[in-house]
Amino acid sequence: MASAGPTGAGARPPKAFTAQAGLAKLVNPAGLNSILARGKEKFGGTQAWKELMGCDVIFARSISHWYGIKGTTYYELTVALGQPLYKPVTDPELTEEEKAVMTAVQSRFAQSNSSVVLTRTLLNKTCELKDRIRELTDELGQTEVHLAREKVKAAALKLENRKLFVENQELKDQLEKERTKHGWKGLKTLCLWIFLATLIGGYITGSNAACTLVDVPSPMKVGYDTFKQMCIHKDSYLPDGAFDKESLALECSKQMDYMDCKEVITDSISGKTSFAGMLRDVFRVDEIVTAIRTVVRFAMDFSLAYPICVMFVLILTRNKKHAIISACCALVAKCCGLRLLPFTLVLTYAPSETAIAGCIYGLGYISIPLVTFLHWVGLVLKAILVPDDCYIGTRVSHALAWSIMLPMWIITQELMAFTEFPLELQIVTTVVVCTAGFGFRYLTGTVTITEPDGTVKKYKRIFNAKSAIGTISTVFFEKAKAIRGVIPSFPSKADNIVKIEVDVDGGSAGVGFRLGNYIYTAGHVVGEAKIAKITWKGLTSQAKVLGHIELPLFTDTLARLEIPKPFQQLPVFRLAKSSENDYVQMVCFDNQLQNVVTFSGWANIDGDYLNAPFETYAGTSGSPIINRDGRMLGVHFGSNAVVSQGFVITRLFATEPAVKQCKSDEDLADEIVRKVMGGIRISFASLTSELEKQRDELNALKQMVNDLIDTDLVALEKKKGKTKRTVRGQKHKTKAISKAAFMKTKVLTEEEYRRLEEEGFTKDEIKDIVDNLREQAWLDYQNQLDEEGDDDWYEQMEEDQRINDQIDQNIERDLEDRGEWYGQRKITFKQRAMLRFIQLGRQQQVATVSFPDGYEDRAEELYNKVVTTEDLPEGETSEAALSLPNKIVHQAGKRLNFKHVKIHPDKTFMKSGVTQIEEKPEGDIILKAKTTTLAPKEEPVIQQVEQQPQVEQQQQPQQPVVEEKKRTPPPKPQRKPKTGAKAKCLDCGETFVERQDFHVCKSKKLNEPPSGGYTPVPDHLRWNNWQIYMEPLDLRITVPENYPILGHIAIDKLVERKKKVNDPLLKMLEQPKCEGFTSTTWTRKAYTKSFEKFDYGDAVDFVQDYPELTAFADAAVLAEVGYMEGTHVIPIQETSKNMDSTPAFPKMLDFDSERDYLEAHGMKEYIDTQLGVQSGKPLWWCFLKNEILKEKKVSEDDIRIITCSDPVITRLGASFDSEQNERMKERTETHHAQVGWTPFFGGLDKRVRRITSCGRTQVLELDWTRFDGTIPVQLFQRMRELRKFFLTRRSRRRYGKLLDWYNAQLTDRITLLPTGEVTHVKKGNPSGQFSTTVDNNLVNEWLTAFEFGYQHLENHGIIPTVRDYRANVDFLCYGDDRLLAFNPSFVNYDPQVTIDMYKNIFGMWVKPENIKLFDSPTGSSFCGFTLVKPHGQWVGVVNVNKLLQSLKTPTRRLPDLESLWGKLVSLKIMCYHSDPEAVSYLSNQIRRVEEYARAEGIELPEVGPDFYRKIW
């Protein structure tokens, strides 16, 4: 035993304590650390010592004698002849107690590992349940939203129904009011009543009707009664032989006077006629003949023109009133000698007044001017006095138009008098004109549709006709497109193929596909095998080979396999309807047979043989080849060099269709749609019932999660149990039962086994759990047997306590060495008080709080302060955990108040544990002392949130040993090294250690203003106080004569640059071979030359001079950037910009960057500027840009100048433009502006293909000279006003005046040059303002629209519509750079017209050599990339001389070797498709830098072999 330590004066100070790695595996109770240290010194570098350290448990007999156990085998390390000897031993010289202790420790470690595995499995299950809860919650929310939408629709329909009912009633009322006696229905009723009244009157008053005697004989006479019925008051015929007047009078005299009877009989006879005359009267022969003669005479007089024209007029008339007027006017027109064909058209489409005026003129009484004037006056009076649906202005306009048409018609009449149209020509012309009129009226008609929600949509039928014609033309020219070389897009069939593998004859692999109820592949893939292994979407199964299908005149066969039951959902291919030369696509797997890839190209089909230019590889045999419709065309069997050889199977399966019992993708989609629609139509009650079921299931899942969390916590708490019935308490010898026999006993019940299977445990994991449980049960059983008759229980308990404490320390150290990620995934039990807070919502907040021993109460108090009782809203989660030596508290779903947590991010507090044994009369007492020390800066940073109490406050007076330890130098903490490989996050760029660090991406807005800096801003640093530095000196140094000198400010800045940058790191590279470029140097002439761009030309007032083109360009810009509408002005403190840039004048006098200024003074000046009313003018600071330029420009001092303002003004502009700029950056693939675009990962190819589609085959490249400086102020301010228009009304109302002031400062600048001159510039877009590129894009967009509208006007005489312009013109623009494609039929582009237009209208400079026309994108350039298409994809070729010049004459020094390596890799990426010599040169330099880095021990990232190709 070691002594208690020195206590008296002159005692030797204790030696610094250093914990040895591997101490956890030792079980010797005394002097472990010193023995291990001496053992390492003696054997640390030998192989025997390394193998000993690989054992599970190590026992130190002495420095030269060690035992170890691994599994069930013991090993011994001794010294033989001065050398360590490590060997296995079957019977080690150990006591049973020592063996039991080593076995117990080994078992405890095994149980600890299994517990960790079980804990991880449970936590994974918890995460899955949480995901399921989240999915159900989302589904519940979607269902509720759907119900709300249905309710809104039902309410809208109800309201619409009510509106329609009210409208119907109103229409009925109006209809009743309009029904008058002059209506057609009333007129018919009136005629009916008149007819009835006439009949009744005639019946009452009688008539002059009488009989007519027919000159025919009759054998009998009629009596008086018969005569009276036939002849009195009736028109009838009576045979002359049957009439006897005297006998009739005598018979009548019986009733009345004889003379009266004779008179009545005489009056009843009207006359006498022959039999032929009777027939003519009965059949109305005379009337019919007269009618026929009249018609014939009319036809002969008027020909057939009049009736035909009248007939068509009546057909085309709009109502009955118009029909009557038209018929009358036609008759008058015929009488007046007017031509009936034009008169018919006038009657049909012109007002009736126009036709009447033409008839009046035809009478010959009024001249043309007079009738025209009267016609116009009449129509105007009608427009004013007679109400109509149209506006009065529209009606007056119509009156004027038809008044102009009237003399034109009359003149046409007069001209037609000199010609004669035959009857047949009139008929044909009339029919054609009427038919065309009907068709035109139908096409131009407007259709109104009322939606169920009440919205009304209108469209014209002519648009549908255009769409139909476009569809027909698309189908008609589809084959032509293929011939022209345009590769079509193919449907994705990535899920339709499977991987087939066989083990016969060394094994082979290929691709299979489903056709009907079988899977097919190439015959040589399966060979003679009977069983094949099929893999689809990670699912693997066995399938029988049913046979081979012989292919006619082909060397290979087509193998047919059955479909395994798990693969019933494998999509089915559909056969192509025809096979002909066209573009095809082959679907297969990559070289590793992991990911699906495709090959596309032109296929030549010769009979059943198919050849395509696919450079395939082993493993692609059996791949399906599809046509442009996604239908199965053929099968790939192999390749010859770069030509794929396949077989067309359309005719093979034509007689025996393969698709019999399966459903196609379209049928399945239709069925799914029908099911979805059926589910939508269920009633509200059913939806409510479903919601209740989902809520119950959600609650049940939440309960399961809570139970699992509790189980997890209980499992972790069990690690602290200190009982002899555990692994840590086992130290006794075994009894008479066989361990092998016990391990065969049953541990899990059937219910427990099934529950583990349902929870996702595999058979191997269940077996490990069972083995661990059995091991635990076996040890417990041994403990129970040894407890009987055991008297020395106190010493055993003390020994158990010591072993348990040692194991706890080892477990705690191992858990702490797992890294930061472990605390975020598990709630770990600690011996000291520890808090962990995580809240995920709009932003992620994580905090860890650690307390030394003795401060558990304070930990609980802080926990109660941070965790509130408020529940988090939906979509946010939080977890809080408190770990104490005797309990664990966990809370989830509550809002956490982080203001009680004070973070110290620059300090690391480590814990070192020291155990001292003090010898006292009352016995041995184990004391623990924990000190909190500050770790070195190179150690990883751990967040510490509550200041740690001083250790002196927790020490007790009766512990002098601990106080002495406190005064010694702090021991260096032993930490487990992180052995994982370094990785770089692709999202945020942060480097972390794999498998050790739990990486959380940082926010991409890394340039947010820092907090702090509350020192008041002195007046001499404010942006609007620059005038105090200006002296009234008229000293002209570089400013041209036509610009004023406002004063002079004395500043100490570089004016001329004559030396180039010297970078020592570049000395280790070979000098590149490049010429024509260099880094910039300049003299004072460069400042003078920078003013030339403002004086190239003056713009005209294009708004007044070209109003139509201006309106067209405005409409085009609005259509393109309409996504900016509804943006907001953000607070200035939320803006983001580069804070390491110059703070401009006057802040640059005291600070090198904006960051320094903000750290000192904060953002109060920024906020005051945004909230106040501004009327002053900021000062703009100018300096020349150091970059790589052409040697000619450098020699001519043609250097670009940067103009920037105070960062307060810059951030003010950012508050106005940030949201709009972000929206533009998000739409580079679908819109013109390319701010934030990338050419990599196919980005350049997608954009070039987009702009050259839809017939836009002509490519135009245009580059302005001095674009920023020559932009007209009127145009620039117009774009700024357009951006203001896109803001919300609230933002415009609140910040409108401030925005107007800011916009004015952009083009009216007080400018300070490095020479100290202060001048006034009133033109151009300053290159240092926040939105320079975005504003240039808008100007570019506007000018392009104006340019093509101008060209179209020159070619066709009209300005195109915005729709036609956008359909025929598409382009990419980045600032002043533009690549455009247009349809050649749209404009016949003339470069000289464009040059003259920009110079004469806008005062802008376009050089003739900067306008280039191409028939294809090849050779054109955009953003420094010259477009080429080497492998079917558009890539960019750069100017390697300019890029490599940065390695020869750099513009700035590189900070370290890693930066040089990164620059070389970046240059190789850019030059990959350019000069091969440049790529080879860069590869050699990269290799040289990597060799140097390895020699210096510098770790560089690894770049794969295909990195440079795949990134494009």
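Including glycine, each Cβ sits where the backbone N, Cα and C put it.
Per Swiss-Prot, transmembrane segment is recorded for 190-210 (among others), and the stated evidence type is sequence analysis.
According to Swiss-Prot, the feature transmembrane segment maps to 295-315 (among others).
Feature annotation from Swiss-Prot assigns transmembrane segment to 323-343 (among others).
Listed as Cβ neighbours of the transmembrane segment (360-380) (distance under 8 Å, sequence separation of 6 or more from its ends, same chain) are residues 332-333, 336-338, 351, 353-354, 396, 398-400, 402-403, 406-407, 410-411, 413. Among the features that Swiss-Prot reports, transmembrane segment is placed at 360-380 (among others).
Taken from Swiss-Prot, the feature transmembrane segment covers 399-419 (among others), and the record attributes it to sequence analysis.
Applying an 8 A CB threshold to same-chain residues 6+ apart, the list for H524 (active site, charge relay system) reads S508, D556, S621, F637. Reduced to three states, the DSSP call for H524 (active site, charge relay system) is helix. Positions annotated as active site, charge relay system by Swiss-Prot: H524 (among others).
Within 10 Å of the Cβ of D556 (active site, charge relay system) there are 19 other Cβ atoms, across all protein chains. In the three-state DSSP assignment, the secondary structure recorded for D556 (active site, charge relay system) is coil. According to Swiss-Prot, the feature active site, charge relay system maps to D556 (among others), an assignment based on similarity to another entry.
Here Swiss-Prot flags S621 (among others) as active site, charge relay system. Of all Cβ atoms in the shown protein chains, 25 besides its own fall within 10 Å of the Cβ of S621 (active site, charge relay system).
Marked as O-(5'-phospho-RNA)-tyrosine by Swiss-Prot: Y753.
For 940-981, the entry in Swiss-Prot reads region 'Disordered'.
The compositional bias 'Low complexity' feature in Swiss-Prot is assigned to 941-961.
When pLDDT is averaged over the domain 'RdRp catalytic' (1257-1390), the result is 92. Here Swiss-Prot flags 1257-1390 as domain 'RdRp catalytic', drawing on sequence analysis.
Taken through DSSP, the domain 'RdRp catalytic' (1257-1390) splits into 69 helix, 29 strand, 36 coil.
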